[in-house]
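Engineer: Per TrEMBL, region 'Disordered' is recorded for 14-33. According to TrEMBL, the transmembrane segment annotation covers 50-71, 256-277, 284-308, 337-359, 379-400, 465-484, 505-529, 573-595, 607-632, 652-669.
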Amino acid sequence: MGGPLGAIIGRYPSATTTGAGGEDAEQLGRGDGSSSNLGIIRHDRRCRDLAFLVLFAAFWVAMIVNSSFGFNQGNPLRLTYELDYKGNVCGDRHGDPDVHELEVRYWMDPNQVYQSGVKSSKVNLADAKAICLMECPTPSSDTLNFVCDYPGGDIKLSVDDWINRDYDYFEFLTPDMRNSSLQLQGPCYPVIFPSVNVYWSCQYIARASNASLNKWLAMGGAKIEENMLIDKTIHKAIDARSAVLKRYVADIGKSWPVLIVCGGLLPLFLSVIWLLMIRYFVAAMTWITVVLFNALVISVTMFCYIKAGWIGNDPLTVVIGESDPYVHISGREISHLHAATVLMTVIMIIAFLSSIAIVRRILFATPVLKVAAKVIGEVQALIIFPVVPYFILAIFYMFWFSATLHLFSSGQVLRNDCSTDCCTYDLKLGKVNCDNCCGYSIHYTPHIGIAILFHLFGCYWATQFFMACSSTVVAGSVASYYWARGEISHEIPFFSVVSSLKRLLRYNLGSAAIGSLVVSAVEWVRFILECLRRKLKLVDSARESCCGKVTSSSSQCCLGCIDWTLMSVNRNAYIMIAITGKGFFKASVLATGLIMNNILRIGKVNVIGDVILFLGKLCVSLFCALFAFLMLDTHKYKSAHNKISSPLVPVIVTWALGYTVAKLFFAVVEMSIDTIILSFCQDAEEHQGTAQYAPPLLMETLDEQSELQRLTQGP
C-alpha cells in the first residue's frame, strides 16, 4: 500500500505519538485545509487526473452547445401533433392560420387516402390534403355534412366562425366552387365515413354512412371508394415506429408533474426514511426490505395486467375521447405494454424464488449493516449530505429533459418532393390549381441522430460523475471515523464531511470524471452492440446460424460481466482516492490488491450486504413506479391534449429517476460498509492480521475463526 493508512487519514492511537507519524500531525492537518482538531493527516496530496477533468469540462461545453441547437430548432408540439397540408403543426398558435385550438389532423378527401394505400399509386399519405380540426367529424343520419378548407379569399369568415359552423360553409360557395367540390377538388368535401381520434389524427372507419353517400351521389358527386385500405393506410401511418417514438417522448413532457412528484420528491422522502430506519431498526430492516420488495413487484405487475386489459375493465386505449364500442383499434403501444407485462411476470417469479434462496443468508448482512448504522449515528451529516448532489442532479435533469424534448423535435418542416397529379381549389387564387399537390413532412438529418445519442450519453456520464463525487465524499468521511477509533466522535458529525468535500473539490474531481467515463463508455458499447445485433437479426433472421447466436449471446454476457466488474472496481477506487489521494488508476490497483488478499474474509459478508441494499433501492424505485401508475390513472392523463399514449414510458422514467435518487442516498450505507471493510483489511495487514482500529462488532463479523466456528455449529 505504500504506507499505513493511519498515517494518511485519521488519528493515531495516542495523541502524544511523535516521530514519523505524529510529530507534525497538526501541521499536516492544516496543510490539507482540514480542521486540525479533527486530526485528518494527509501528505503528498495533489490534483490528480487533470486531463480528464479538462475533458469533462469540454464535454459540458459540448452539451450546452448541443442543447442550444435543440432549443433553437425544436418544437415539442411536433412530437404530439401532426402537420396539415400547409405545413402548420396542429395546435400551434404560430401557424397560418392560427390553429392553436385545432389539434386533430383530418384528411378531407377519402379517395386520396385510398389511393395512397394502393401499391401502384404515386400518391403518398403525406401529400393527401389534411387540415387541423378541434374534433373528428361524423356523418349525419339525415343530412350531408361537409368539411371545408380554412376560410380565405372570397369566403369572408373568421376561423372562429368557421369552427362554430362545424367547418361547413358549403352554402356560401359560388357555382364554380360547388362544381369543384362535387369533383372532390374542394374547397368543401363530404363527410361520408365516420372517424375517431387516434392520437390526434382522425382514423377513418371503412364503414360508409349509406344516407350520406346516397345524398352525395344524388347531388352528382364523384364516386367515393369504399375499401379497407382507407382505414389501414391511416393506421399504418399513425402506428409507424417513428410516430410511436415521438409519442413516447411527448409522454415524458406531458407527465412532468408525475416525474417531479414520483421521480423526485417521493424517492427523496423514502430514501431518508430508509436511512433512518437502518439507523434505528437495523435488525428488522433486512426482513422488511425482502418482504416489501416482493409485495411491490407483485403490485406493479398487477397494474401492468390491468393496463394491458388482461385484468379488469380499464385497458389502455389508443382512442382519445368517446368511440364506437364496436370499433377496435390496436397499436404498438398496446403491444409494448403486453410485452412489459410478460417481462414483469418473469421478474416477479424470479424475485420470489431468489428471496427464498437468500433467506438463510440474510443474517450474514445484519452485523455489517449494524456497523454502517453506527457510523451514520456518529457521522450524522451523512444522512443530510446526499441532499446536495440530489439538488444538483434535479437541476441538471430539468434542463436535460427540456433539451431532450426539443432535440427530438428539431427536424425541419419541408415540402415533399412528389410527382402526384391532383387539382384543388385555391381560395386565394380563386380558381382550381393543379401545381400545389405536395404536402409537408418533418425531415431529420443524420446529425440530429448523432446529437440525440450524444445527449443521452451525456446524461449517463453526468449522473455517474455526480454519484462518484458523492461516493468519494462519503468514503472520506467514513474513513475518518474508522481511523479515529472513536476518540473524536463528538467532533466528527460535520467536520469530516466538510473536510472530505473540500478534498474532493480541490484534488479529486478529475479522478471522479475518469471513473464515471469508464463505466459510461462500457455501457454505451453494450448499447450500440445490442442495437447492431437487433438490426442484423431483423435483416438476416432466417439465416442466423447457431454459432452466430452463441457468439452474440457470449459477447453480451462478457460485456455485462466487464460492466459489473468495472462498477465494483470503481466503487472501491473512489474509497482509496478519498483515503490516499491517489489517481484513479493507482487507487484501483490498491483497492483490487486489498480485496484479492482478503477475498475469503469479506466476500461472504459484502455480497449479501450488497444484495440487501440493491433490494432496498428497488423497493424505493418500485414504490415510485407504483405511485406513478396511480397518478397516470387519473382523468387528467386520459383525455384531451394531456392524454398520454401509454403509461409505460413515464413509469419507466419514474422508476429510473427513483432508482437514481435511491442509489444516491443508499450510497451512504453502501460506501460506509465498503470503506470500513477496506480499512479493516488494510488495518489487519499493518498489524499482522489483527485489526487495531476496527469496532468490536466488525471484528466479530469478519473474524475468520468466529465464522468457521459458526459454520461448524450449523445454523
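Cβ from N, Cα, C; glycine included.
Because TrEMBL annotations are produced automatically, they should be read as predictions rather than curated entries.
The model shown is predicted, which means the values in this text are computed figures rather than measured ones.
Give me the lay of the land around each of these features.
Structural biologist: Distant neighbours of the transmembrane segment (50-71): 399, 402-404, 406-407, 410, 451, 454-455, 458, 461-462, 465, 509-511, 513-514, 517, 584; these residues of the same chain sit at least 6 beyond its ends, with a Cβ under 8 Å from one of its Cβ atoms.
For the transmembrane segment (256-277), same-chain residues at least 6 beyond its ends with a Cβ under 8 Å from one of its own Cβ atoms are 285, 288, 376, 383, 386-387, 390, 394, 401, 616, 619-621, 623-625, 627-628, 631-632, 637, 650, 653-654, 656-659, 661-662, 664-666, 668-669.
Taking Cβ pairs closer than 8 Å, the transmembrane segment (379-400) reaches residues 67, 264, 268, 271-272, 275-276, 279, 455, 458-459, 462-463, 466-467, 469-470, 473-474, 477-478, 481, 492-494, 496-498, 501, 657, 660-661, 664-665, 667-668, 672 in its own chain, all 6 or more past its ends.
Long-range contacts of the transmembrane segment (465-484) within the same chain: residues 5-6, 9-11, 38-40, 56, 375, 378-379, 381-382, 385-386, 388-389, 392-393, 396, 492, 496-497, 499-501, 503-504, 508-509, 511-513, 515-516, 570-571, 574-575, 577-579, 660, 663-664, 667-668, 670-672, 674-676, 679-680, 683, 693-694, each at least 6 residues beyond the stretch ends and with a Cβ under 8 Å from a Cβ of the stretch.
Outside the transmembrane segment (607-632) by six or more residues, the chain places 255, 257-258, 261-263, 266-267, 270-271, 274, 285-286, 289-290, 292-293, 296-297, 299-300, 303, 307, 358, 361-362, 364-365, 368-369, 644, 647, 650-652, 654-659, 661-663, 666, 669-670, 673 with a CB less than 8 A from a CB of the stretch.
Remote same-chain residues near the transmembrane segment (652-669) are listed as 252, 258-259, 262-264, 266-268, 270-272, 274-275, 278, 369, 372, 376, 382-383, 385-386, 389-390, 393, 397, 463, 466-467, 470-471, 474, 613, 616-618, 620-625, 628 (criterion: CB distance under 8 Å, separation of at least six residues from the stretch ends).
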